[in-house]
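Inspection log for the structure reproduced underneath, given as structure tokens.
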Amino acid sequence: MLGFLKQPVVVTAEINVNLVALTVMGLVNRLWALSYPRAVVFDEVYYGQFVSLYMKRIFFVDDSGPPFGHMLLAFGGYLGGFDGNFLWNRIGAEYNMNVPIWSLRLLPALTGALCVPLAYQILVELHFSHCAAFGAALLILFENSLITQSRLMLLESVLIFFILLAILSYLKFYNLQKCSPFTAGWWFWLLLTGVACSCAVGVKYMGLFTYMLLLAIAGVHSWHLIGDQTLSNVSVLCHLLARGLALVVVPVAMYLFFFYVHLTLLYRSGPHDQIMTSAFQASLEGGLARITHGQPLEVAYGSQITLRNVLGKPMPCWLHSHKSTYPIRYENGRGSSHQQQVTCYPFKDVNNWWIVKDPGMQQLVVSNPPRPVRHGHIVQLVHGITTRYLNTHDVAAPLSPHSQEISCYIDYNISMPAQNLWRVEIVNRELDTDVWKTILFEVRFVHVNTSAVLKLSGASLPEWGYRQLEIIGEKLSKGYHQSMLWNVEEHRYGKSQEQKEREVELHSPTQADISKNLSFMARFTELQWKILTLKNEDTEHKYSSSPLDWITMDTNIAYWFHPISGAQIHLIGNVLTWASANVATLVYVCLFLWYLLRRRRKICDIPEDAWRLWVSAGGLCVGGWAVNYLPFFMMEKTLFLYHYLPALTFQILLIPVVLQHLTDHLCRSQLPKNAFSALMVAWFSSIYLVYRTFSPLTYGEPTLSAAELRALRWKDSWDILIRKH
């Protein structure tokens, strides 16, 4: 029984020394003096704010992309014991001892370092030589722009890491497909492909480009699989279902999980939640939730309510009125009704309160039991403080002459009767008999007499309107828009019939007995929509650039400048590597077209295996460069040089592909091969020399003199900062 103990237990392991050496070099290259400079560098001022909000569990919205990348940076802060107390207000601000800057920069640096061995493995999985793979890794290792980006609290290195991991995982899966499908290793690499893709998209939406490329490649491979007559129908179906599960279902589930963690962590109200709906705000601790917690859910006749416009643009605002009237005549000579102004006011105010009145009764209090307002009911809206009725009529709005004026009716006894009946239409109702509910339901008020809809125009009124936003009556035939939708934010059951008692009641806090909670999917949908549609005004930045500037690196970015010593950090690439990448791309495209045309004439210049390798490697590298670069020509946003780095990474991988192809198939005798090898040694040495030349601008040290800085300005378009004494 214990016979197995008679023999020693032996564990055998194969160690790829190349891989270990590259990993160590990558770690040293990226982690060396990581805490320097101990100051805010460029976009650290942007990402640091979100890290602080994570530490304090305060909700925020970042329109630049999903939350996974921010959570990874915050995780570094958590490991370092960061409490979020630092004012991220300017680039160059010195970090205090409270900020664990090494921990905050650690994750981008680690992912940047791991890109080096990943590049090596990708070339090996593409069936290129270990020499070519080692060359690809060294090119990534000595690329100054990738080093700079990975040594700071930024996300591009994290994005590139997950992109390369997804590529490598799919290649390993595809190679296993030929010999051992549905094994543990096969499933592992397939699932890891989906996970890495979802992580890339979760860091930045730029990850979608590579994800789409991999889906296209997987689609082509699946199409070939369907045509494989050696596989049964059941086997083909299992293959397709496995790919659908790993490459579609898993990424979607992971993406939702990122938002679930994000919303779970950020449960406190903060400055960004004003752009969210009332229902979303009410789900956060503090802020609106503190006001609305437990207030009556169903709106009844006699309810006192505040109405928030759903659109929230140009800013969140509430239906509002005050004692001031519209001017008798506007500056352009048009006349008004001279009745009480109705506006949309972007602040909490007692004049935002309205009372829902039954047109057939005079009472302004809620009966016992309450009579709920349902979809399709006719109501009057009475302004709580002035007790005037919300009204519209055939008078042009002050700034929107093709729409109707909205006012609070004043009886001037001039044959202008009140038109103050409004039909309540619940837009997101489930049944036509639904009761109007606070927070959750979005309603539209349709004027009974004219069919005009109560709408926020978004225009700002002149001084006579206190710069508040214009409210108009828009004809229903002109369509549907969020600016026509309103939701009840604050709500109480009115108890006071007398005006003085009612004013006291309106000034008092709302009381509550019913709570409202949004489901995760409702919160996710709203937040995702805000991320996709909320756009800050893009302004021209000193270091912004166009995609055409990136290929030839005609631009750079000054990330940091020490005001005393003059030390500085720039996003600037290895000039020789960038030029070589462009040449490799051009050579590949020309050779590909040449081979394609020759093969059309039944002339095969290279063996079939070499052709398939050439196509697959080029499809991946050139395709990866194209999908990560060309879309920027269609984007209307402020662009920077670092947006090109994922595309550049694919270009760098292409360089050894082209070089090995030239060596194997164009240098046919030993003499040209020896000469080509010597040329490659000289070329690699030059790349290392350029890397060392620009390393003071990559690492920020040593400090260079003005003459040395001028010598590094290899292009007139580069902005190298030189102190004037």
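Numbers here mean position along the shown chain, with the first residue as 1.
Each residue, glycine too, has its Cβ placed from N, Cα and C.
Database features, via TrEMBL:
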TRANSMEM  68-88  transmembrane segment
TRANSMEM  100-120  transmembrane segment
TRANSMEM  154-174  transmembrane segment
TRANSMEM  186-203  transmembrane segment
TRANSMEM  208-226  transmembrane segment
TRANSMEM  246-267  transmembrane segment
TRANSMEM  579-597  transmembrane segment
TRANSMEM  609-627  transmembrane segment
TRANSMEM  639-659  transmembrane segment
TRANSMEM  671-691  transmembrane segment
Top partner of the transmembrane segment (639-659) among 208-226, 246-267, 579-597 - counted as Cβ pairs under 8 Å: 579-597
Stretch with greatest number of CB pairs under 8 Å, the transmembrane segment (154-174) reference, 68-88, 186-203, 208-226, 246-267, 579-597 candidates: 186-203
Stretch among 100-120, 246-267, 579-597, 609-627 sharing the most Cβ pairs under 8 Å with the transmembrane segment (186-203): 246-267
Chain residues outside the transmembrane segment (208-226) and at least six past its termini with a C-beta under 8 angstroms from it: 163, 166-167, 170, 174, 177, 193, 197, 200-201, 236, 239-240, 243, 247, 251, 619-620, 623-624, 627-628, 631, 646
Same-chain residues at least 6 beyond the ends of the transmembrane segment (68-88) whose Cβ lies under 8 Å from its Cβ atoms: 40, 44-56, 62, 95-96, 98-100, 102-108, 153, 155, 158-159, 199, 202-204, 258, 261-262, 265
Chain residues outside the transmembrane segment (579-597) and at least six past its termini with a C-beta under 8 angstroms from it: 551-552, 605-606, 611, 614-615, 618, 621-622, 625, 648, 651-652, 654-655, 657-659, 661-662, 683, 687
